[in-house]
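Chemist: Sharing the feature lines straight out of TrEMBL:
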type     : residues : note
DOMAIN   : 37-255   : domain 'Anoctamin dimerisation'
DOMAIN   : 258-834  : domain 'Anoctamin transmembrane'
TRANSMEM : 275-296  : transmembrane segment
TRANSMEM : 347-365  : transmembrane segment
TRANSMEM : 426-449  : transmembrane segment
TRANSMEM : 469-488  : transmembrane segment
TRANSMEM : 515-536  : transmembrane segment
TRANSMEM : 644-670  : transmembrane segment
TRANSMEM : 791-818  : transmembrane segment
């Protein structure tokens with residue numbers, strides 16, 4: 001278990017300085033790619049800085065001085081640099097020696113793999129899922145769906161511990177790839193972000209590579225890919241061929257390999273996206289079944305037959321606007337058919353199912369996330385251990401440190417509340433409110449446009465039918481709304497980032513969470529305001545013919561005779577599907593466009609040559625990566641935002657668009673592979689970032705799930721016609737059918753009671769009355785045109801349905817959360833066992849080290865060669881205790897057995913509590 005030479009070196013404080021460079025840590029290839037190393041082909045290139053000479057000489061002199069000081073500071077931190085020039089571009093290649101890696105791994109509290117223990121088998125890091133017992137039955141069929149282990153072999157997972165130079169004997173730092181390329185790049189970036197450079201007036205923000213790039217001192221800073229996408233033997237090529245390929249859409253993702261290449265943050269995003277897409281499959285199947293049911297039952301729906309039959313041509317409807325003409329109800333025949341496809345008995349079932357699905361998805365994701373967190377050694381990661389942002393410390397540089405962080409126990413400055421924190425928060429809140437108001441102004445503009453378009457289509461030289469006019473006006477207004485969304489989103493993103501910077505967040509995680517909440521709130525209002533308007537406000541407060549409620553002297557929009565559910569569906573479909581299609585086009589072609597623009601700027605016209613160059617694949621890796629686009633620290637933000645907005649469309653308004661999960665599934669299958677291809681092909685390799693989970697996005701998803709219960713209940717109750725149909729079937733019609741339901745929903749108005757309608761009727765003396773959708777008393781009643789008792793009966797039923805629906809769904813959600821624990825029992829026990837075994841390893845190593853130190857210092861006691869051999873054997877030979885400890889990891893131990901192990905000690909096996917284990921087994925067998 002212990003290398004004697006290494007033990008002696010550790011004890012004496014002498015370390016082997018050989019470089020354990022690992023630019024290709026996954027697979028072996030035939031020859032070394034020399035462009036991944038310095039000129040000596042020994043030291044690996046861990047980071048690259050690139051810059052171009054500025055044509056303006058005074059500016060270039062200033063930039064040269066900044067680069068000189070900055071690079072000198074890097075060298076003072078122990079980094080090694082080497083410069084090269086290619087095509088008028090200078091490249092500063094950076095290498096982190098072993099001593100720098102050791103020092104900063106301890107500062108960053110990185111979890112590193114411990115030494116392997118001979119005789120101990122690989123720990124099984126996956127737990128049983130709900131369907132694991134059935135998987136072996138379908139193994140033959142699932143072989144082509146799971147990750148191909150011949151291409152992406154399972155990784156041997158070792159015990160890890162937080163790295164410390166005081167306990168370095170626990171780690172084999174001389175092992176090849178102990179510090180992987182991802183760890184190396186992360187450490188170098190940490191150093192780059194905190195080095196100062198000269199600036200005028202001693203500016204507080206004169207530090208960090210990001211600032212230098214923003215000022216044009218450097219052009220780019222990036223780690224290197226391990227090779228070209230066509231280069232055999234590289235992880236980049238394997239991922240491109242077997243993961244980023246759209247024809248491989250049906251296969252599981254190699255998440256462990258993605259995490260090792262791109263880091264935990266990107267790995268978690270693809271794990272979440274894959275699981276979300278997997279869960280959408282069930283929702284899509286149920287949604288398609290409900291849609292097919294409505295399609296096949298359409299021919300038997302009585303109200304549609306009443307509208308479309310020729311005998312009902314004499315139903316004259318009141319005008320939809322002040323200058324519109326009277327229209328025939330039969331014109332809305334097709335519109336009524338489309339309405340039934342959305343508003344039918346299966347709508348309630350699907351709304352309840354989707355509320356259950358949303359809860360099930362989040363609970364199962366928490367369970368799956370716990371397994372991933374354990375497998376990727378994120379269990380003990382604490383956000384408070386994260387170092388403060390450089391921008392945060394720079395702005396507080398003039399404030400003495402007064403607060404002691406309760407986790408790191410390090411003194412840090414505190415943001416003055418009254419002077420800095422409160423004004424920034426108030427200003428940020430005020431601007432967010434202003435932007436929300438701007439979104440409502442855009443909504444009002446869309447409403448005015450839709451009303452104007454409807455009037456133009458009905459009053460023009462060749463007026464359209466009412467059904468076609470409503471559909472066309474709604475669709476065109478939705479497209480206008482979509483264009484406004486993209487314009488406002490561009491402005492929101494820049495303002496939100498500026499406001500978040502003013503709020504002085506300590507860590508990058510806190511900064512990202514605050515920025516996420518701001519942008520999502522603005523995007524929520526931007527995307528959903530028009531949908532909420534159609535669902536809950538349009539046509540609800542219009543009044544009645546002769547006495548319409550007007551806003552700014554304009555009559556409000558009305559819904560058709562079948563309600564606003566079809567318009568809501570059209571608005572949802574165009575915004576959701578149109579947004580997804582537009583984003584997909586942007587993701588495919590925009591990176592290609594910017595890469596060509598960058599190539600033109602750099603002057604590398606040979607990029608456009610599609611002829612493969614074998615020498616180019618292994619030379620100048622740093623040059624080829626310079627031509628790629630920068631991913632950025634928040635590159636995943638738009639990806640998460642797009643998916644979470646889609647999740648809102650799928651859950652919040654699913655009662656109005658049952659095919660939303662199906663379209664989301666199709667989009668996500670393509671989105672997953674296109675995101676992977678974009679990362680591998682068009683972008684520089686991102687720097688690995690360590691996170692514990694998907695962050696604030698989970699809380700947003702949870703809030704969306706709770707909001708969806710409320711919205712779907714109100715959509716079914718107030719936007720659809722389900723409640724009036726039930727009241728008519730069980731309260732009005734004694735036969736329990738819908739015969740006469742159409743006439744039940746229409747009220748009558750006498751044209752002569754309104755001068756406006758009377759003037760529109762003109763000489764057409766046959767139009768004496770018109771019908772409109774409402775529950776009001778007829779003209780013959782003494783209280784004509786007032787709300788009838790049936791209106792209040794239906795209103796009471798609507799409110800009662802909302803209460804019953806939401807309480808029933810809430811009960812189902814509580815049961816789902818209760819039945820599905822956040823962590824499986826197997827995983828919980830395995831974590832306890834691994835913590836126990838890791839502590840045993842550390843204690844045993846400490847004991848060995850203490851004995852060795854004591855024997856070394858004991859000059860007064862002479863040892864015989866036999867005694868020396870025995871002492872060396874106690875240090876050098878593998879400890880049989882750990883072979884017995886390994887059994888704990890493979891045993892299915894109960895709580896009693898585990899307690900027996902922890903609280904006892906067997907001098908023979910050396911395992912705590914092992915002497916009680918036999919007794920426990922006897923009692924259990926009895």
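Residue positions begin at 1 at the first shown residue.
Cβ from N, Cα, C; glycine included.
Describe the structural context of each listed feature in the structure shown, including burial, neighbouring residues and relevant distances.
Modeler: Confidence over the domain 'Anoctamin dimerisation' (37-255), given as mean pLDDT on the 0 to 100 scale, stands at 80.
Sequence-distant contacts of the transmembrane segment (275-296) (same chain, at least 6 residues past either end, Cβ-Cβ under 8 Å): 340-342, 344, 346-347, 349-350, 353-354, 357, 360-361, 364-365, 368, 643, 647, 650, 654, 658-662, 664-665, 668-669, 672.
Away from its own ends, the transmembrane segment (347-365) comes close to residues 272, 275-276, 279, 282-283, 286-287, 290, 650-651, 654-655, 658, 661, 698, 701-702, 704-705, 708-709, 712-713, 715-716, 720, 722, 805, 808-809, 812-813, 816-817, 820, 822 of its chain (Cβ-Cβ under 8 Å, at least six residues beyond either end).
Note on the transmembrane segment (426-449): residues 476-477, 480-481, 484, 488, 491-492, 495, 499-500, 502-503, 518, 521-522, 525-526, 529-530, 533, 554, 557 of its chain, located 6 or more positions outside it, place their CB under 8 angstroms from a CB of the stretch.
Listed as Cβ neighbours of the transmembrane segment (469-488) (distance under 8 Å, sequence separation of 6 or more from its ends, same chain) are residues 332, 335, 435, 438-439, 442-443, 445-447, 449-450, 453-454, 457-458, 463, 522, 526-527, 530, 560, 567, 570-571, 574-575, 578-579, 582.
Here the transmembrane segment (515-536) has Cβ contacts under 8 Å with residues 428, 432, 435-436, 439-440, 442-443, 446-447, 478, 481, 485, 488-489, 492-493, 496-497, 499-500, 564, 567-568, 571-572, 575, 579, 634, 637, 640-641, 644-645, 648, 652-653, 656, 695-697, 700, 711, 714-715, 718-719 of the same chain, all six or more residues outside its ends.
Long-range contacts of the transmembrane segment (791-818) within the same chain, counting only residues at least 6 positions beyond its ends with a Cβ under 8 Å from a Cβ of the stretch, are 348, 351-352, 355-356, 359-360, 363, 705, 709-710, 712-714, 716-718, 723-724, 726-727, 731, 774-776.
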